[in-house]
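*Asks:* Structure provided below as structure tokens; questions to follow.
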Amino acid sequence: MNFHEYQAKQLFAEYGIPVPAGRIASSADEAVTAAKSLGNGPWMVKAQIHAGGRGKAGGVKFCKTTDEVKQAAATMLGTKMATYQSAGVALPVNLVLVTEAGEITKELYLSVLVDRGTRSITYIASSEGGVDIEHVAAETPEKIQTLNVDFVEGLQPYQGRDIGFHLGLEAKQVNQLSKIMISLYQLFNDKDLSLIELNPLAILSNGDLYALDGKINSDDNATFRHKELAAMRDKTQEDETEVLASENDLNYVTMDGNIGCMVNGAGLAMATMDVIKLNGGEPANFLDVGGGATKERVTTAFKLILSSNKVKAIFVNIFGGIVRCDMIAEGIIAAVKEVGVKVPVIVRLEGTNVDAGKQLLATSGLAIIPADDINDGAKKAVAAVTA
């Protein structure tokens, strides 16, 4: 799950990580009130969307007067904003964050993430903040410090200080960085997060470190343990189809192609998309109905796939292990009838009760195209959309 910047900063503050004072606003007048409550300025007005790169898209403004605050907020609120990190999707700006604008002397980068390669929580730090870390890694990799944390020992203060020394910080700042890193480690573990990013972690004119911008992602599989995080979810920032899928315990990701996919099992779903690509087609989605698929879930899955008018064919690829092929076949038949599917449906069944499942499809009276295997199914799906 993704979070807004203001939500990330709320969590940072709870764990003692220094952040500038700020308030959110949903109107230009509220933004002015927020600015006045923060002092005499200057201020930053920042659009709240689930994407980075807001500055280049006009979503971050430096304001010296309350009139400028009002104008900046009015320009952002109620619009949709696309950035180079939003994958071409324009996200609605429903809130702005108004914060104090401190004088920055240096921008750093600091993040915490799960490194699957080393099977550890890993810190990435750089003396080059305020820019994409990917660019720094490609152009000046020597400016990046990494630290893999031992799960048993946890992060130790000396490790944070070592990172600070390598970043060229002064003694006071080294100690501040160490404390921030320990707080981030606690936050990361307490809330089951998958990413924390401070970019920039800035040194202000008084020599202190502040998290001027923050990004966090949490592990969706652990959300049930954190009702306080679930309450922060902003569904307006998410794809409507993906929201509906999550509410029905379906794993769904929208893609750009025209061949809808319904598969049981994430691995088989990815393999299905690969085979479609190998045969010259483009998948319209990733959809894993899971091992506990029911008629109702299959019907919902069809509705999800067909919610996109780009879909010109549907490839159903089921391996019956836990789930029975005859039950899936009944679900497909019921769904096609209920939803009124108008596009070709290609079905490949294999596994438990496969013969019974194929018989049900063959005698259903529906124009369902059978497939012998995954490659045959992919070829027939591609042929259906190119016919």
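Each Cβ is built from the backbone N, Cα and C atoms, and glycine gets one as well.
What Swiss-Prot shows for this protein is this:
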type: BINDING; residues: LYS46, GLY53, ARG54, GLY55, GLY102, GLU107; note: ATP binding site
type: BINDING; residues: ASN199, ASP213; note: Mg(2+) binding site
type: BINDING; residues: ASN264, GLY321, ILE322, VAL323; note: substrate binding site
type: DOMAIN; residues: 9-244; note: domain 'ATP-grasp'
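Mind running through what each feature is packed against?
*Replies:* Listed in sequence order, the residues of the same chain lying 6 or more apart from GLY53 (ATP binding site) and placing their CB within less than 8 Å of its CB are THR83, TYR84, GLN85, SER86.
Taken residue by residue with DSSP, ASP213 (Mg(2+) binding site) is part of neither helix nor strand, so it is coil.
The Cβ of ASN264 (substrate binding site) has 25 neighbouring Cβ atoms from other residues within 10 Å, across all protein chains displayed.
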*Asks:* Going by Cα-Cα distance, pick out whichever of the binding-site residues ASP213, ASN264, VAL323 is nearest to GLY102 (ATP binding site).
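*Replies:* When the Cα distances are compared, ASP213 comes out closest.
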*Asks:* How far is it from LYS46 (ATP binding site) to ASP213 (Mg(2+) binding site), counting Cα to Cα, in Å?
*Replies:* 10
*Asks:* Using a 10 Å radius around each Cβ and all protein chains in view, which of these binding-site residues has the most neighbours: GLY55, GLY102, GLY321?
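*Replies:* When each Cβ's neighbours within 10 Å are tallied, GLY102 tops the list.
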*Asks:* I'd like to know the mean pLDDT over the domain 'ATP-grasp' (9-244).
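*Replies:* A mean pLDDT of 95 is what the predicted model shows over the domain 'ATP-grasp' (9-244).
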*Asks:* Looking only at Cβ atoms, how many others are within 10 Å of the one on ASN199 (Mg(2+) binding site)?
*Replies:* 22
*Asks:* Please report the distance from the Cα of ARG54 (ATP binding site) to the Cα of ILE322 (substrate binding site), rounded to the nearest angstrom.
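*Replies:* Just about 45 Å between their Cα atoms.
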*Asks:* For the binding-site residues listed here (ILE322, VAL323), which one has the lowest count of neighbouring CB atoms within 10 Å of its own CB?
*Replies:* ILE322
